[in-house]
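Asks: Checked Swiss-Prot, it gives:
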BINDING   Arg189, Gly190, Gly191, Lys192, Thr307, Asn331, Ser519, Arg580  CoA binding site
BINDING   Gly383, Glu384, Pro385, Asp407, Thr408, Trp409, Trp410, Gln411, Thr412, Asp496, Arg511, Arg522  ATP binding site
BINDING   Val533, His535, Val538  Mg(2+) binding site
MOD_RES   Lys605  N6-acetyllysine
Amino acid sequence: MAGNIFPVPESWAKSAFCDNETYLKMYEQSVKDPEGFWGEHAKRIDWFQPWTKVKSGSFEGDVRFKWFENGKLNVAYNCLDRNLAKRGDQVAIIWEGDDPKVSKYITYRELHDQVCRFANVLKAQGLKKGDRATIYLPMIPELAVAMLACARIGVVHSIVFAGFSPESLAGRILDCGGKVVITADEGLRGGKPIPLKENTEEALKKCPDVQKVIVVKHTGGKVPVVPGRDVDWTEAIKAASPDCPPEVMDAEDPLFILYTSGSTGKPKGVLHTTGGYLVYTALSHQYVFDYHDGDIYWCTADIGWVTGHSYIIYGPLANGATTVMFEGIPNYPDWSRFWNVVDKHKINIFYTAPTAIRALMRQGEAPVRATSRKSLKLLGTVGEPINPEAWLWYYNNVGEQRCPIVDTWWQTETGGILITPLPGATALKPGSATRPFFGVQPAIIDPEGKMLDGPGSGYLIIKESWPGMLRTVYGDHERFKQTYFSNYPGLYFTGDGARRDEDGYYWITGRVDDVINVSGHRLGTAEVESALVAHPAVAESAVVGFPHDIKGQGIYAYVTLKANWEHSDELRQELVKWVRKEIGPIATPDYIQWAPGLPKTRSGKIMRRILRKIAANEIDNLGDTTTLAEPAVVEDLIKNRQAVASSGKA
């Protein structure tokens, strides 16, 4: 199926910002003359003072680099003030609540007023340029207001996903030295309350330096209040002045810190700066999603993750877009929720995660067919590689074969999309992220660090910096160098494996730590998972390696079946043969364990570390499980593990 090619529809080639010829020209200029290219495209945002040098520094030595040196700007000014004259009364944010009966429309003028007032509230709490504020809010409009207010006065925000535990919150507050925490009484998810204020109180037992807690009354739930420390959001905003001049920021001043899990140790505080990040997110949002004035754009991510930072708030608002914020989940109140929202708000561009698509696919076509979706013109995926079967299901059923799919590859560290189709320029191959975005120079290297030419598989690295890239790990530049530049000095190591095909298209094969070495042969787990999911019985699978006496590592597959299939030994044998046929004998699974569900974080990522431990029977040392969406799933898997040892051998 990976051989399918979907050419660019003629209508897209004509109407899009970029056809193939334009892409090739722009890409060539962006890598041959990055200073000229980015100097030109940086004019898309407003600068208080122009830069003196577009790009300096390198990946060598101490790994320090700058973009738009000495340029002065303000992110909130670019997202709000400069849009007021032309589109003050245009809707900036459509907020769709967890309850399908609840939504709000917030214009640029209203958002600007709220942001200025809240920026003054932050100043009144003693916050100034360079200080850090921790934001622990659900997907409500106040989250957008809080981050833009921080940006307006030069306060560095650290947003903590509202699904994280008190321990995770405390660790992030302590690491960044946050003085103020902005939270809510409760969040809502699928009709169930999330005790955010209670979690905050628990976390603050370990954070003596937090001086103020600003609380949004979202559900009205009864929560603890600490007089003298807690500030009521609504009262404070009402009393604040709507006049707040934007702080003049240097292009290299920090904008935000966002924590991402490392393969070892505590989460890393990825630090993004102001000028390069905004230029990169705005340009990539316009070109990747072919965003035209009047389009309604919906990225389903949570703002607690980088996708929400870059492609719900900063990129879209810098482009004067109408962006949708969604508090809910795909299956509440039922499995048609996404598509009902699409119809309700006449969404044109829809960007979601493969894990959501696979969950929807498992429910069949009926919940999709129950809706119109005729407003959709473009679909996107983000967060992990999408297997060709899920891609085709999405293309055929959701987009009804009329909507191109932009399968985007990037990371918290990269700030924005690095490898992606452009809808008017790129012929699509299901499962491939296709080609690099402007200014991005990917390459594939083998484990010894030799650069591969032409088709080949290996580690994905990036040769040169780009404007949206992280500058350091907050408070730990050594860890930054160690993590990203020590394996192959002078090159940014992504930690992902990739394959480049004969057309120069990139296929992301999964994390390098998700590689299994079977009898000296390297296998990407994503490849085996794709083969399993291609079987009509399989809804989802996760594959890990486990210690094997003879082969070094064996293949252990967790398989979730579609609703109308029953597990049996016959089906297990059939799946083994299927994988052998799809990939070859080297990929034969040693064990297949039936899994009613897979352990996932609240952002939908499968926690493979836990699956590896269970496969290796190291169940008394599962490590940190606080980010699990459904802890009961793990208990089920452990219970089933013993049965697999005796009967699950494939």
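Keep in mind that glycine also has a Cβ here, set from the backbone N, Cα and C atoms.
Fair warning: this is a prediction, and the values are worked out from it, not measured in the lab.
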Asks: Ten-angstrom check, please: count other Cβ atoms within 10 Å of the Cβ of Val538 (Mg(2+) binding site), all chains counted.
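Replies: So the number of other Cβ atoms within 10 Å of Val538 (Mg(2+) binding site) is 23.
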Asks: Please report the Cα separation of Val533 (Mg(2+) binding site) and Arg580 (CoA binding site) in Å, rounded to an integer.
Replies: 14
Asks: Show, in sequence order, which residues other than Val533, His535, Val538 on the same chain lie with their Cβ within 8 Å of the centre of the Cβ atoms of the Mg(2+) site.
Replies: Glu389, Ala531, Leu532, Ala534, Pro536, Ala537, Ala539, Ser541, Val559, Leu575, Trp578
Asks: Spatially, and counting Cα to Cα, which of the recorded positions is closest to Asn331 (CoA binding site)? Options: Gly383, Trp410, Arg511, Val538, Lys605.
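Replies: Answer for the nearest of the recorded positions: Lys605.
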Asks: Nearest to Val538 (Mg(2+) binding site) in three-dimensional space, by Cα, is which of the recorded positions Arg189, Gly191, Thr307, Lys605?
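Replies: Answer for the nearest of the recorded positions: Lys605.
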Asks: Using C-alpha atoms only, work out the spacing between Pro385 (ATP binding site) and Gly190 (CoA binding site) and round it to an integer in Å.
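Replies: Pro385 (ATP binding site) to Gly190 (CoA binding site), Cα-Cα distance: 26 Å.
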Asks: Compared by Cα position, which of the binding-site residues Gly383, Thr408, His535 is the closest one to Arg580 (CoA binding site)?
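Replies: Given the candidates Gly383, Thr408, His535, the nearest one is His535.
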Asks: Return the residues near Trp410 (ATP binding site), defined as same-chain residues 6+ apart in sequence whose C-beta is under 8 angstroms from its C-beta, sorted by sequence, else 'none'.
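Replies: Same-chain residues close to Trp410 (ATP binding site) (Cβ under 8 Å, separated by 6 or more) are Val382, Gly416, Ile417, Leu418, Ile419.
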Asks: Take the Cβ of Asn331 (CoA binding site) and count every other Cβ within 10 Å, whichever protein chain it belongs to.
Replies: 16
Asks: Within 10 Å of the Cβ of Val533 (Mg(2+) binding site), how many other Cβ atoms are there?
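Replies: Excluding its own Cβ, the number within 10 Å is 21.
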Asks: With Cβ-Cβ distance below 8 Å and at least 6 positions apart along the chain, what are the contacts of Gly190 (CoA binding site)? List them in sequence order.
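Replies: Residues satisfying the criterion: Asp98, Gly328, Ile329, Asn331, Tyr332.
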Asks: Once near-sequence residues are set aside, which residues in the chain of Lys605 (N6-acetyllysine), 6 or more away, have Cβ atoms under 8 Å from its Cβ?
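Replies: Those within reach of Lys605 (N6-acetyllysine), by Cβ under 8 Å and sequence separation of 6 or more, are Thr355, Gly383, Glu384.
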Asks: Do me a favour and check the Cα-Cα span between His535 (Mg(2+) binding site) and Gly191 (CoA binding site); whole Å is fine.
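Replies: Approximately 34 Å lies between the Cα of His535 (Mg(2+) binding site) and that of Gly191 (CoA binding site).
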Asks: Given a separation of at least six residues and a C-beta threshold under 8 Å, show me what packs close to Thr412 (ATP binding site) in the same chain.
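Replies: Those within reach of Thr412 (ATP binding site), by Cβ under 8 Å and sequence separation of 6 or more, are Leu258, Thr260, Val270, Trp305, Val306, Leu470.
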Asks: Taking the Cβ of each of the binding-site residues and counting other Cβ atoms inside 10 Å, which one has the highest number: Arg189, Arg580?
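Replies: Highest number of other Cβ atoms within 10 Å: Arg189.
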